[in-house]
């Protein structure tokens, strides 16, 4: 466990980080230990780096306290609110207009509800976007991201300055076309693909509920924040949103408050053409509290009352349906699909300025609006400072809990955690890697405080139950076994939300490998948004047997090898399984897929936990001078076949190297010298075997090598029969090798 | 249009086909022109072939008429029903027990409702599983497939004889571990992955509603059948089911009747742990009529009344929630997850026999049960024969409509249809392939009667609107523009249902290419179940520009190239787009993905509609003797770059071949000689360029070649900027080529 003392921690939370980008220094206060995420440098923008400085903001505290108290009691006069709301609208209009690309309609319609939310309700510290106890906001309708950028700009986030608004959707800017947490501090998750955001929000709210139940004390509610989200008609139509909202209702996530931007317009026109269900009633059926704000365009008091009511309902999530006009203010385009996803055009921008009585120039924030919002900087600092004091008291009284919580907040793993992983020898009993995986999961949960997860109704098949722990449920949220039901897509996206809540959360989730097809969109966003989720994917080939081709993955391994920033592991035995987990746990910005067998496998000589880090390595070799007659390459359950074929060939006097290719991506990242030591370029006699598509293997075995795999769908029969019929046999490997030697 | 006369058609519908398998002749009557699907031969079971014979069943008609009339009025005495229901239960128990693998729980619980449905309600002809006007049944909870096999067996389908039940889940049997339409005549679609089945059922019901509206006349309702489905708790939890049920409600699919097997058990135990929503209320919110049968275990009259009520509601689909006991009859395992997915075990099978008073041996069907069900053979023949007469009358009075309907039933395309496809010359104006695609779609819809489709709320971006046609809606179901809303997964699975309703349906569906991630599970089942859906996938690379990495496909092309039985096209211009459609339309057992550009592309010299059939072909070459200095290979929007680079290199005196690799799968299927003529093995200097993952290209460019692509995520910026920053340029291709020459 990290040894940061409570005082150091308290101070650290107001430490400032200076982000240097394109020559301009930007101040963002960042806790030294907590939740620090650097903006991910693109290949071509490596100048984006973070340096930590240490200017303290303690002097702000007295001023701020009064301000916080005042805000809680009063609301801003309504003409200023109107002005602030129009500022948000025009920042969005102007940025989209300048980019000649983007979505002005949603920001124009949602400006009122989001103004109330950000200016009057949410608790955050703009100078430290990573302050642990901030309220989270997720714009699930991510195309409307200019709304969020405008709000962050007004609220004083250094990540979105005027120059950033002007650089909307341009190369290297911090304001990309959809919200990206890895580009823009203040953005919590990555949205745009519809439905993902509300699912992430459920994950964030789950994380809060779990931590609050686990760590809060009667005298110190150290974890206490809300999760807000705005979702549109598009999110509502996506199946994933029904999956996660069903779970949110089931789990009773009372601090999740979602605004449904009910504007009746989607890209193809009026929602009447495809979406006529009764959304309110559906959400009631899902166990939500539902409120309807009929005048979302300027009914500020209605919006305020709805949020108050939502907070009063503590055992259910709340959906606030806010009826709005998309593109509100545009005289000729409001309430039509034409304002959804394209710039208004010069003429209509002018008409909108006239219509809303807006005398200000492009990107101009009126002084009174600026001044009004400026209080969030000292208020935010005070909120964080108060929380720091609270944490110091907590740590003093509850040092063990504080240490665990700190690990989750900071992402620092307890020292020696990796020693908990099981190790194996060739004499250890053979087992399915899904079972060996369970040994790892249970070992890790004991030593890693933020380790939690579950399966999409296949816990007993995926072998993912944490035996020492109970189920996370409405009334037992302190537990760590998540029960997702048969909702793979929602499961994946919820885990993204958990992972991005705090760096020390390490969520895993599980289903049959073939059903990654159901959750692929969420897995891709994990890879893109640097959410280090661990995917426990069992039944990884035709080796699952009788369930047949609907359940047998073929192209899946290849499809993940082709996906950027995700590690695709296919361990062959206990050591490789433990090795895969060891890496997956440390890779917090890169998700990992573990493809695991249903069938029993032997513990192979030559494998080791450490070797897995190389991605590909030799498990046995009777050659000298790095020049075997043939190299046999296998992964997962087929490594055993490769090893047996190697023995056969050696009996006939051949020199054979057997290589495990457990993770291609890691092998790719090794030095050329290492690669040459495993796959010498002079040895073109190479045979690979893997119970899946041979697609991509050409690069490994080379033009003269052979790949044994399955390029058709599987079939329904016992596993051994299938291996024989599909030609995944020792004989086939031996024959292929002989044809090459 | 096929020239089958009305008399020939009428007779054809009772033509018999003899399926020869493993030496045993099997009679299945098959219309010569309609819906004939051969059981798909596996690699290793090529003996499965169909031969058409011509035994007529006309003599059965008088006998049958009376029987039909009687059935409509009376119901079987309840002890015989009990016995029939228990027969279904024990056939499932015995088959699972013999296989030592499978799911007995659902068949035991659902036997009562399915007995009533198959024996008393549904209209089908067991000797012709492909009779057009049959009622469709989809077991969405596909793991319970022994239920369906038992029913087909009792009803007299030749595809499931006793030997097939005994071969359950074994290699080469017609009774695989989940229902597969391509293996078992009588199975309509392929289910198992949860939620897909109910989505297919929505597609089947949509198809019926469309055809009925388009072809029925006041004096002749030639299209008139129901779609039934059984779905379980698992299907209900999946997001896809909410998507499609929302659409089914919106479309008012009154002839869709779904039974919800409400047994409160899923694999992880009681549904209380993850599924506590109010399903009835949710379905009401989705616009369904909902009925609750409280006693699904033996409340036959309740079940009958519910079906009657459901049929009376013609403007809404109906959900009949049937509360059942999973594993009903098993004294120690009923109502528990242990009966869901494993054989009962010898002892418990005996205990169940005792408990249900079942004196019969394994696989034994009591004589009175057999005799009772035997009437379905003559009844079915009469139903079909009556319909044939009806069709003959229809054809006489409405010859034009009959010709169109016949084309849809038979899958025979009107002669010369392909002439409707547009052609282009290098002088034709350049355009985005998404726009060129729209020209093809509109051309095809005019000449192909079963061509219909739509987009997931991106019609104006995907360019998929059929301009001469209106929207398929509740009150205009004769139209052919489908409006799926933002429901990609549901869209894909609904299209599978449409495609498998009748061979002449050619459904297309559209979204951004990156969002194939949302619908991949449905696309895989299209490939597996031989549903020739056309996927119109626009915005196919970073070339979409500012929307950024959440919207930019990278690994997607590779991921489909790795998937079995699907064609992945990436056309470069107008001719290649038309060529891709020409193939896609004819491939009725193989879905096609068309990746199309958002950005404008030139019409290239050297491309042609015909050449696309080769998959890869030379578009320009200044070499002789099949020995160019270098081969440049491109696809889609990058073929232009390859062509320009070729020109640059030729200016410098090099001999260069430029190759379009529009469809890898088709190239793979060409002769070795052809392949050598395009990619001579002696020429190792090869450069590929494609705006996507380079994964898999190693096989094409060889060990010494170079692949230019993108192996990281994209970024948000204008397209031209992105191409430059990611190095997809003429200069990069020229430089790579020079490094190899």
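Just so it is clear, glycine is given a Cβ too, placed from its N, Cα and C backbone atoms.
When the candidates B:115, B:289, B:340 are compared with the thiamine diphosphate site entry in TrEMBL, which names B:143, B:192, B:193, B:194, B:234, B:263, B:515, the shared residue is B:340. Binding of Mg(2+) is attributed by TrEMBL to B:263, B:265, and within the candidate set B:224, B:233, B:301 the record adds B:233 to that site. Of B:263, B:265, B:434, B:547, B:551, B:598, listed as binding-site residues, those near chain A by the criterion of a Cβ under 8 Å from one of its Cβ atoms are B:547, B:551. Neighbour density for residue B:539 (substrate binding site): within 10 A of its CB lie 27 other CB atoms from the protein chains shown. In this structure the C-alpha atoms belonging to residue B:515 (thiamine diphosphate binding site) and residue B:539 (substrate binding site) are separated by 10 Å.
Other residues of the same chain near the Mg(2+) site, with their Cβ within 8 Å of the Cβ centroid of B:233, B:263, B:265, are B:232, B:261, B:262, B:264, B:266, B:271, B:326. Residue B:192 (thiamine diphosphate binding site) and residue B:103 (substrate binding site) have their C-alpha atoms 11 Å apart, to the nearest angstrom. The local packing around residue B:598 (substrate binding site), expressed as other Cβ atoms within 10 Å of its Cβ over all shown chains, amounts to 24. Mean pLDDT, taken over the domain 'Transketolase-like pyrimidine-binding' (B:431-603), works out to 98 on the 0 to 100 scale. The number of other Cβ atoms within 10 Å of the Cβ belonging to residue B:234 (thiamine diphosphate binding site), over all protein chains shown, comes to 26. Scoring each of the recorded positions (B:233, B:488, B:547) by how many neighbouring Cβ atoms lie within 10 Å, the top position goes to B:488.
Secondary structure from DSSP puts residue B:265 (Mg(2+) binding site) in a beta strand. Local packing around the Cβ, expressed as the count of other Cβ atoms within 10 angstroms, is greatest for B:194 among the binding-site residues B:194, B:265. In this structure the C-alpha atoms belonging to residue B:598 (substrate binding site) and residue B:488 (active site, proton donor) are separated by 19 Å. In the three-state DSSP scheme, residue B:434 (substrate binding site) falls into the helix class. Taking the Cβ of residue B:103 (substrate binding site) as centre and 10 Å as the limit, one finds 26 other Cβ atoms among all the protein chains shown.
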